[in-house]
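Report on the following structure.
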Amino acid sequence: MSDKSNDGGENDSLPMDNININSIDDENNNDINNQDDNENNNNNNNNKNSDDNEENLKDYKNKKEDFGNIKMDTIDDRPTNNGILSPIDITSDGGDSVKTLSTTQSKKLDEGEKKEGEVGPQVPFFSLFRFAKPFDILLMIIGTIGALANGVSMPAISIVFGRLMNSFSPENLADPNFDLVETVTSNAMYFIYIGCGVFVCSYVEVAFWMLAGERQAVRCRKAYLKAILKQEIGWYDVTKSSELSTRISSDTLLFQEAIGEKIGNFLHHTSTFICGFIVGFVNGWQLTLVIFALTPLIAAAGAFMTKMMADLTKKGQDAYAKAGGVAEEKIGSIRTVSTFSGEPFEVKRYTERLKEALDIGTKKGIMNGIGIGLVFLVLFGTYSLSFWYGGKLIVDRKWNPVPDRPWQGGDVLTVFFSVIMGAMALGQASPNVASFANGRGAAFKIYEVVDRNSKIDPFSTEGRSIEETVQGNIEYRNIGFSYPSRPDVKIFNNFNLTIKKGTTVALVGDSGGGKSSVIGLLERFYDPDEGEVYLDGTNIKEINIHSLRRNIGLVSQEPVLFANSIAENIRYGNENATMDQIIEACKTANAHDFISALPEGYDTQVGEKGVQMSGGQKQRIAIARAMIKDPKILLLDEATSALDSQNELLVQQSIEKLMIGRTTIVIAHRLSTIQDADQIAVVKGGAIVEIGTHPELYALNGVYTQLVNRQQKGGDDGDKKKKKKSKESSKDESNNNIGPSSISIDKSIQSIGADSLETSTIGLVNDNDNKKKKKKEKKPQEKSVPIGRILKLSRGDWPHFLIGLVGATLNGAIMPVFSIIFSEILGIFQEQDTDELTRRSRNMALWFILLAVVAALANFIQIYCFTFIGEKLTFNLRRLSFESIMRQDIGWFDLTENSTGRLTANLATEATLVQGMTSQRLGLLIQNIVTIVAGLVIAFVSGWKLTLVVLACVPVIGFAGKVEMDFFQGFSQKGKEAYAECGQVASEAIGGIRTVSSFTCENKILEKFRQCLQKPIQMSFRKSNVSGLSFGFSQCTLFFIYTLTYWYGGKLVDSGEWPAKESTLETYCYNGEYANIGYTDEATCIKSFTTTEGFSMMMRVFFAIIMSAMGVGQSMAFMPDLGKAKLAAVAIFSLIDRVSEIDPFENKGQTLPEFKGDIEFKDIKFSYPSRPNKAVFQGFNLVIPHGKKVALVGNSGGGKSSVISLLERFYNPSQGSITIDGVNIKDLNLNWLRGNMGLVGQEPFLFSGTIFENIIYGKPDATMDEVVEAAKAANAHTFIESLPDAYHTQLGDKFTQLSGGQKQRVAIARAIIRNPKVLLLDEATSALDTVSEKVVQVALDNVSKGRTSIVIAHRLSTVIDADLIVVVKEGKVVELGTHETLLAENGFYAELVSRQM
């Protein structure tokens, strides 16, 4: 793995305070941009070595099925630096990773694909650090030293405890010169020294590893996006791009977790394990061997759990990948979903995709519970054996070689603590191993893309530069070509075409003939399988890819704009363009006037995928973008298709001027626009069947003549042949279109509600709502969500809660009970009577056995039950969130903060974060509460004075936790917003990859992505330092409390605070019995037993409080997650509580017994909510009689589409009413209303799935016969049947299997199948070729009979037979009548007609 893949150059200076935060970004231009330099040298020669990710897409079926509940989550508990003996904190780190699903027709599995039952592929562990720079390596080395040193602290404590206990031996206590207080104080000082070391080491461990991980993850994100952007378009055809953008967030997060502070935590506990056993063997190898014999059982239980959890987590990630794909697709196509009232079905479908994860989550809880239960069973069993055997060593007076004396109680304590803590540390390290496994699995998929040699690499510096030499001679020589997604279907076979420089060549022919493939090959979106494409005699493969594309200007049928200002979108064509150049280009494209009319002019944000612009406005911006490029070669794929006749004529003239002196390839269905071309090539079946000028071809009386004659017959009353300035736009691929690879916003109807100038601003919600939302997002932590409301969602799981509560309560009591047993053992080891020592040690061993069984059962019950509750809660939150998203009005989706990328990312993460309040954390919280209460009760009963002194220190620990929690709350929100913005940049770039490639703006996208990462980079420094300091402070505080406890406890023992039991004194001290056990007088004997009893009680208080403090500490460790959970809960419930003005889930409103279709717009006043002062309609009135065909005509931006928008109730008018059959549509049931309307938009949006499933989306219960009948009516049946899988052909998420015309016909079939009472046709035939258009138009005319039809048209020839033609201008009806009457008036309509003559 080459170091070139690393990106970033560092300011390698220490200390950390001098770190240059911006250094990471300075690296970007060097390493990220050079990451693939060596790879680029072989890109064109290693095509066969490039494996595309492929996976079969699942069909969405069984629409009426009820689905189960589900949720997978990440358990990410941060282990604390444990006290003496902490409960094992073994939890599995999972993740909401998103797996890339890819469309495939070849049915191959990706080389890294996991077979059933196998562990997913992973990279070697050290490969995780491929993005590390020297400074990161230095940080990791220092962090490693700190972690290893931190791990030594607990074994060191065991030595101190052993020494302290041995100081209480009968020999010392019998010595009159023995100073108890001084002895205890001197030993307690060691805790101060260790505590100071722990503070420094904890800070270094956490801060350095966290910072190093964040820095490397930033580079990984940048490298991953760059690798995605460098792939050839064919790779996108077989890779589901709707999940690629999510993977940038999810997989890189798993990657970051595997290289951050979890490594420090793992090294810390590994060090404790090793040092613990070293101390054990040095201080007593016999007992150590006995304990060590059982240690592998603990490791085996941990390994078993880790493997099972990793495998189940991988499966859960796959399940969520499918759910994420559904959510992104449906949110991005919300207008299509709303049109067909598909919201309830989509909620069910989303739930269905989570069904598999329900079983996985349940199994995960079971396996986790079994694994941890086994660990505790073995652990307490080891305690039992240890103390029994330790007592035996003391009784038998076995010789301990290192201190060179018989075994004493302190030796047992030292060995026991050190070895057990070492074993426990091994268990605590195991969750990190699961994180490493998840990170290595995520890295495999990331590296798979990063290391893939793109067949056509846009970042390659190889090849000739042609900027100064290009002339424009183009030759296609013996081309053979098939699309990667359909290698079995030949597009070209020995295709040949020569285009001379400075000439215009038009490609014409029926849809699906292969015209757009010509452009795709010239742009090098694809390379031919056979033959070559030449530019000025040079094979284009030998030309630098950026140099080639910089000299080509492409304007396609479906323009893609990015969520930026108009000026920035145009600047994609020329990064160095001045504002004057941008304005000039817009004037040429006839866009300047409408842009200048906007309040913010060229700084107006266009919205995601240009959603705020009408179709015509988007097209003009796209033309300006191409013009400012000043290309030597122009590729026009129906470049004026979305313009009205007035704008089309002006822009066409501008384009014709631009074409002068340039080589131009024009794809056209409308032959009147290309009759002046130097050459016209008729493409049919992937071959050129005729070529020549218009007169030459027309004289042949062949295919071209037939095409011309068909269009003349369909002209304006049979008038002249130049009358068709229409909106026929098409992608003519037989199985691919060269438009955007994955248009995630709703293309079929996105222009509806955006046709007027009033739509050209971001956000279509009312100002008050917007202000509230912004206020809420600024400081979401100020608003709290009652925990009761969250738990209320789990009220159906109360049996699990009650059972889990019992388990958590038992679990919480275990460690306080352990403190009692342990303090008794300390007294036992000071027992002088060997028979009594043997008996009591055997009894304590049995107590430990009982404790082991209870701990195993309690842990299983607690973990399983609360995991189950958490899974169900997160399912409910995800379902409710998605349902709330689906119920929102269309304007809500137009807000930038509600973009597809952000909503899907939040949907995937916020519900998981809320689980921080429930699931295992809730169980642990209950357990800790019981531990705290029980520990305090025991402590107060055993010694209230010492307890009060120690409790006075607890607020200090609480303060440290509060500081950390407050910090994480602020960071969580800021980091979330920053990464959401980064995700949106990536999502847009991937979704519009063909536009990104065509305009060579990959580096611009990367720079924008880098800028988005600036904030997380800067915050990472503060985050790592505050985390390290607060963690170190909270841990060292424990050691200072140890010091205070022992010092004050020693004073209390010395003062006789805990007198010995009277029965003990009667047995061993009174009546001369003291002599039998070696004491010289009764007073010394009494003092010795009183001191021993006092020491035992002091340790009981100490351990009880430590257990409580550890409970507090562990709860504090949850504070960052709790802070994130609170923020996420606020966001989720804000979404769930939002009342939609137009709610598709409301089953209220009346339905009419008979739907006739009389429609009336009465005194309509309407402004888009974001522009209340700019009226679209002011007193708009229109009556549409039932059964009539009404055409809306006029210039682009006049408000025509707003009529359909209001009728579909995408928006509500601010004043006036819209009635159907005399009933206000607000009073009608929304789904019933939309169910009686069929809408076909200009730009069709289909869903991933089969053609059959797309058609029945209009009528879910349709039969196959109905589907076929609808397809026949839309002239789609024949081409569908010609496909290998016919109606079961998978479309994927980019629909590359269909041409633009074919997509439109499927969309028309989808509308026809519902047998609507009202037809809404917004240029429904615009994407069809002449033959298909004519047939479909006849079909639409037939189905329109007896129905109310509203047709929006720029091409007037399609509406001359309308019963009523309505001329809409600036939001007003200026003329009304039939074609003949309006012509006779010689008004605005007559002017429109004359323009098209």
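Heads up, the Cβ atoms here are built off N, Cα and C, so glycines get one too.
What Swiss-Prot annotates here:
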type	residues	note
COMPBIAS	24-39	compositional bias 'Acidic residues'
DOMAIN	140-438	domain 'ABC transmembrane type-1 1'
DOMAIN	474-710	domain 'ABC transporter 1'
DOMAIN	801-1124	domain 'ABC transmembrane type-1 2'
TRANSMEM	137-157	transmembrane segment
TRANSMEM	191-211	transmembrane segment
TRANSMEM	273-293	transmembrane segment
TRANSMEM	369-389	transmembrane segment
TRANSMEM	407-427	transmembrane segment
TRANSMEM	801-821	transmembrane segment
TRANSMEM	846-866	transmembrane segment
TRANSMEM	922-942	transmembrane segment
TRANSMEM	948-968	transmembrane segment
TRANSMEM	1028-1048	transmembrane segment
TRANSMEM	1101-1121	transmembrane segment
Item to complete: With pairs restricted to those 6 or more apart in sequence, evaluate whether the transmembrane segment (191-211) and the transmembrane segment (1028-1048) have 3+ C-beta pairs under 8 Å.
Response: yes
Response to the item:
Long-range Cβ contacts under 8 Å made by the transmembrane segment (801-821), restricted to residues 6 or more beyond its ends, are 85-87, 794, 844, 847-848, 851, 854-855, 857-866, 869, 923-924, 926-931, 934-935, 937-938, 1100, 1103-1104, 1106-1108, 1110-1111
Worksheet, complete the sentence: Ranking 137-157, 369-389, 407-427, 922-942, 1028-1048 by Cβ pairs under 8 Å to the transmembrane segment (273-293) puts first 407-427
Response to the item:
Model confidence for the domain 'ABC transporter 1' (474-710), as mean pLDDT, reads 87
Worksheet entry | Among the ranges 369-389, 407-427, 846-866, 922-942, the one whose Cβ pairs under 8 Å to the transmembrane segment (137-157) are most numerous | 407-427
Fill in: Per Cβ pairs under 8 Å, the stretch of 369-389, 846-866, 922-942 packing most closely against the transmembrane segment (407-427)
369-389
